[in-house]
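Novice: The structure is given below, and queries will be raised subsequently.
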Amino acid sequence: MSSRSRSTFLAISFFVLIDWVSKLAVLLYRGNLPDARPILYQYSWGKLIFCICPTFNEGAAFGIFSKYKYFLFAIRIAIILGILAFLFLRKKRTSPSIRFSLILLCSGAIGNVGDILFYRHVVDFISIGFKRWYFPTFNFADIFISLGTFIFVYKLYFPTKQKIK
């Protein structure tokens with residue numbers, strides 16, 4: 001295994017581990033509470049609100065397409081396999097930022113697919129809000145997917161200029 005492949009594998013493993021350990025910690029903590037209350041932790045900073053409140057999502061982003069579980073699962077697996085094939089089988093060097101964005105995308109997808117395999121749904125637990133408005137609950141895998149997508153799209157639309165030698 002080349003050093004590039006090894007570092008890619010380790011990076012994906014690291015991000016997936018962050019996602020799975022955080023979800024497991026939240027679920028174990030929730031299971032130890034006598035009343036299984038929905039909010040495990042809440043912190044307010046002025047008008048900003050941060051909550052740890054586990055919820056379960058059977059669809060895609062924000063629960064959409066929850067009626068198409070098997071189709072979504074197949075799409076997720078195809079995306080993971082496509083990204084892994086690109087990362088590990090491509091001989092030509094890829095820019096580090098594109099490579100990192102694909103590592104984040106793949107890690108997030110693997111994290112959520114792991115949830116589906118182990119729990120039959122995706123475990124979301126991070127909730128943020130401002131005054132009375134709350135963003136839909138999410139997890140670290142969702143953060144990785146969003147950040148990876150942002151970096152990927154940014155690098156496609158605003159590529160760095162290469163000096164011609």
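Using the three backbone atoms N, Cα and C, a Cβ is placed for every residue, glycine included.
Pasting the feature list from Swiss-Prot:
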TRANSMEM  9-29  transmembrane segment
TRANSMEM  69-89  transmembrane segment
TRANSMEM  98-118  transmembrane segment
ACT_SITE  D124  active site
TRANSMEM  133-153  transmembrane segment
ACT_SITE  D142  active site
Novice: Count the Cβ atoms, other than its own, that fall within 10 Å of the Cβ of D142 (active site), considering every protein chain shown.
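Specialist: A 10 Å sphere around the Cβ of D142 (active site) contains 21 other Cβ atoms.
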Novice: What Cα-Cα separation, expressed in whole Å, is found between D124 (active site) and D142 (active site)?
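Specialist: A Cα-Cα distance of 9 Å.
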Novice: When a 10 Å sphere is centred on the Cβ of D124 (active site), how many other Cβ atoms does it contain?
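Specialist: 23, counting other Cβ atoms within 10 Å of D124 (active site).
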Novice: Can you see whether DSSP assigns D124 (active site) to helix, strand or coil?
Specialist: strand
